[in-house]
Amino acid sequence: MTNKSWAAGMATVQWFMFLLAGSMAFPIIIGHIYQLSAEDISGLMQRTFLVVGIATLIGGWLGHRLPIIDGPAGIWIGVFVLMGQMAFLHGQDPIHNLRLLEGSMLLAGGILAVLGALGWMGKMLQVFTPLVNGVYLIIITFQLSGTMLKGMLGTSGASAEVEPGVAAVSFLTFLLVVALSIWGRKWLKSYAVLIGMIAGWAAFALINGGDTPLKSSAIVSLPEVFAWGLPRLDAGTIISSIIVALVLVSGVIISVSSMQQVLEERGQQLTETLGRKGRLARGGLISGVSTLLSSVFSTIATIPFSVSAGFVRTTGQTRMLPFFIACVLFAAASFFPVVYTFLSTLPEPVANAAMLALFSQMIGIGIHSILKEPLDQRRLTILSLSLMLGTGVMFLPAAVFAGLPTVLQYIMSNGVMVGILTALVLEQSWRNKKIAVDKGKQV
């Protein structure tokens, strides 16, 4: 085997592990919130593997054409968690809420696909300015880092106490990935995530014992369609779907912009610009299709992961062939129970540790985006208010908003949504005098 083939093989494995790390934790969390059985959680994991693999493949091949993985969208995770909490708070059937979520994803996916097909994604660049993009990247990192830290400490389940063995392995994995990505030699730096996850998995099995995969007599298993029942909609979910679709637009724009920024930092000049050649339009269309697939296969809707920019910055992996092969293998794994049940035994704390190391890059990318324009008093105020309100909401218990209408509960209880809406409204309503004068001269 030549050095080139070896490097391609290792890059494929690392992309595969990155897909796994970004996909496995949230189905388990959602499964526990809705009190699904072990078999149902395994089925949710299977369907997640299929949708993530297909969504990432068609996004890189037909959509934005960048090495960006798809994964469960943070905004959808927040909605799933809220709907689950509301179901038990009001004594509702959780499966009924899951069917509402299927309908919500169908509607949001359709909106996103239409925006992409009509070419409106590029026009929305004027709304999602570098300041808004930076706010999004910073707040999404703050929100998800809390979930990841809980998983690293072993407190993401029913237990509220720190498990020392779990925490020790998690933080050693985190430090190993960070250290290799900063001080490792060229090949060690390129495979920092892969090395960290494998070492963490092995250490976790030695110290805490490994999980036993669920046994299945079937060699091949087809993912179930509409596993939660046929989709449903109500007035609250219709309005929230429209709002979520707009937030997903920002997610697509920011993921593509962040990856382009990192690739340009590495000296790779892209021949296509965002709006002019339709990279965003294709990305939006494919993201809409992926959201529709998520509804059909009853899983958490996916979105291009902005943390992919952190992965590429950390590892330097930019080749598309290993990326495509990893996507195909990941989707194919969903048809073989022995494979996806084994992969699902990757310890959640180890996956969270690797992801947290990658998310540490996102803060820097967000700050870099904000600093593309001078930080005058106006931009500083918008930045401060957006971060303050967005992060402040994260510290409030869900019960605080229980008395509000359902739509307002969706919005007010989600820090990312509060932060980005604050930034959008202030950025558009509080116009810079110089910009206003320039626009007046052009009329």
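Cβ atoms here come from the backbone N, Cα and C positions, even for glycine.
Per TrEMBL, the features are as follows:
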- 15-36: transmembrane segment (TRANSMEM)
- 48-67: transmembrane segment (TRANSMEM)
- 73-91: transmembrane segment (TRANSMEM)
- 103-122: transmembrane segment (TRANSMEM)
- 134-153: transmembrane segment (TRANSMEM)
- 165-184: transmembrane segment (TRANSMEM)
- 190-207: transmembrane segment (TRANSMEM)
- 238-263: transmembrane segment (TRANSMEM)
- 323-343: transmembrane segment (TRANSMEM)
- 349-368: transmembrane segment (TRANSMEM)
- 380-401: transmembrane segment (TRANSMEM)
- 407-426: transmembrane segment (TRANSMEM)
Handout entry: Contact call for the transmembrane segment (165-184) and the transmembrane segment (349-368): at least 3 Cβ pairs under 8 Å, seq gap 6+
Key = yes
Problem - Interface-richest range of 73-91, 238-263, 349-368, 380-401 toward the transmembrane segment (48-67), CB pairs under 8 Å - result: 238-263
Handout entry: Non-local residues, at least 6 beyond the ends, that sit with Cβ under 8 Å of the transmembrane segment (238-263)
Key = 64, 66-68, 73, 75-76, 79, 104-105, 107-108, 111-112, 115, 121, 124-125, 128, 132-133, 136-137, 270, 274, 279-280, 283-284, 287, 291, 303-306, 308-309, 312-313, 318, 362, 365, 368-369, 406-407, 410-411, 416-417, 420
Practice task
Could you tell me whether the transmembrane segment (407-426) and the transmembrane segment (15-36) have 3+ CB pairs under 8 A, leaving out pairs under 6 positions apart?
Solution key: no
Handout entry: Residue numbers, six or more beyond the limits of the transmembrane segment (73-91), whose CB comes under 8 Å of its CB atoms
Key = 26, 29-30, 33-34, 97-98, 100-101, 104-105, 140, 143-144, 240, 244, 247-248, 251, 300-303, 398-399, 402, 406, 409-410, 413-414, 416-417
